[in-house]
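Before any comments, here is the structure.
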Amino acid sequence: MPVVLRSSPLLWARVAAMVFACIAFSVALYGASLTHGTGDWCVFCWSFSFVGTLLIILVEVFGLQTRAPVSWKNFPITFACYASLLCLSASIIFPLYFLKGYAGRSRMISCRIVSTVFSCLATIAYLSEVSLSKARPGEVAGYMATAPGLLKVCETFVACIIFVFISEPISYNQNAATKWCLAVYCICFILSAAVIVMCVGECIGCLPFSFARFLSTYALLAVGLYLSATIIWPIYKFDPKHGGQSHRSNSCASGIGLCRWDKLLAISVLSGLNFILYLADLIYSARLVFVTV
């Protein structure tokens, strides 16, 4: 089996991302003294990104792209986009839970700082890989290499964060309005995830309808759904007339991480962010004329 190793900016971006992620989780496991599930999540983000990038590099070095059970036009950039978002989330969550409120120059603090720094570097490296892999104007590429494809990765990732915040503690069973918001998050996540799976799994040709028309229709539907959730959620969570709490409690300032009120606010912000992402998706999908999936 021939081994092909061609030096390119894309290869070096992948190697850098892999090395940075490896250092981040290795140092964290070595001396960061992670004490709860949040640390496990950060380690998962770094280790998952490392293993996936290593697999992609090995497949391309040994020329196994044609034997892979996925579309190689779509899989690497999809993984790189998810890896960048995972490392970005770890870069935010890890210092929030493991550096906030800690002081001193002990080995534990030093390891936590090192993990945070290399997590940020891994995020930058993965973003560089995405930038190098995405389709250029006039270039025929896989759907996931286009702006709508990358936006769908971001949409599903933001929805996953919303699910975490909305379920711990459970904050969607207050009334029918907040349950509607949960339904919006679930419906849009499932459809976006289905599009990603179909593109990566090369199942688009099996659809009995036009894929491009479906994308435009779905993006329009998602914009309307998320607009309703973006308006309804803060009304029922922060307006005292509807049982909400308008002010942040004093106990939130002394705790580690995010308190309940912070998570409710984060859901509002993330709902607005996903609305913007779906609106951009709708605009790009309408402008996208020719894409080979």
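Placed from the backbone N, Cα and C atoms, the Cβ positions cover glycine too.
What TrEMBL says about this protein:
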- 5-138: domain 'MARVEL' (DOMAIN)
- 143-290: domain 'MARVEL' (DOMAIN)
- 12-31: transmembrane segment (TRANSMEM)
- 43-65: transmembrane segment (TRANSMEM)
- 77-99: transmembrane segment (TRANSMEM)
- 111-129: transmembrane segment (TRANSMEM)
- 149-170: transmembrane segment (TRANSMEM)
- 182-211: transmembrane segment (TRANSMEM)
- 217-236: transmembrane segment (TRANSMEM)
- 264-284: transmembrane segment (TRANSMEM)
> Where DSSP helix means H, G or I and strand means E or B, what are the helix, strand and coil counts for the domain 'MARVEL' (143-290)?
Replying inline: 115 helix, 1 strand, 32 coil
>> Just to confirm my parser: what is the rounded mean pLDDT across the domain 'MARVEL' (143-290)?
In response: 87
>> Within the same chain, where does the transmembrane segment (217-236) have neighbours whose Cβ lies under 8 angstroms from its own Cβ atoms, ignoring anything closer than 6 residues to its ends? I mean 6 or more beyond.
In response: 148, 155, 174-175, 177-178, 180-181, 184-185, 187-188, 191-192, 195, 242-244, 267-268, 271-272, 274-275, 278-279, 281-282, 285
> If we call contact 3 or more Cβ pairs under 8 Å (sequence gap 6 or more), are the transmembrane segment (12-31) and the transmembrane segment (111-129) touching?
Replying inline: yes
> By Cβ distance under 8 Å, which residues at least 6 away from the ends of the transmembrane segment (182-211) in the same chain are close to it?
Replying inline: 69-71, 74-75, 78, 142-144, 149, 152-153, 155-156, 159-160, 162-163, 166, 172, 218, 222, 225-226, 228-229, 271, 274, 278, 293
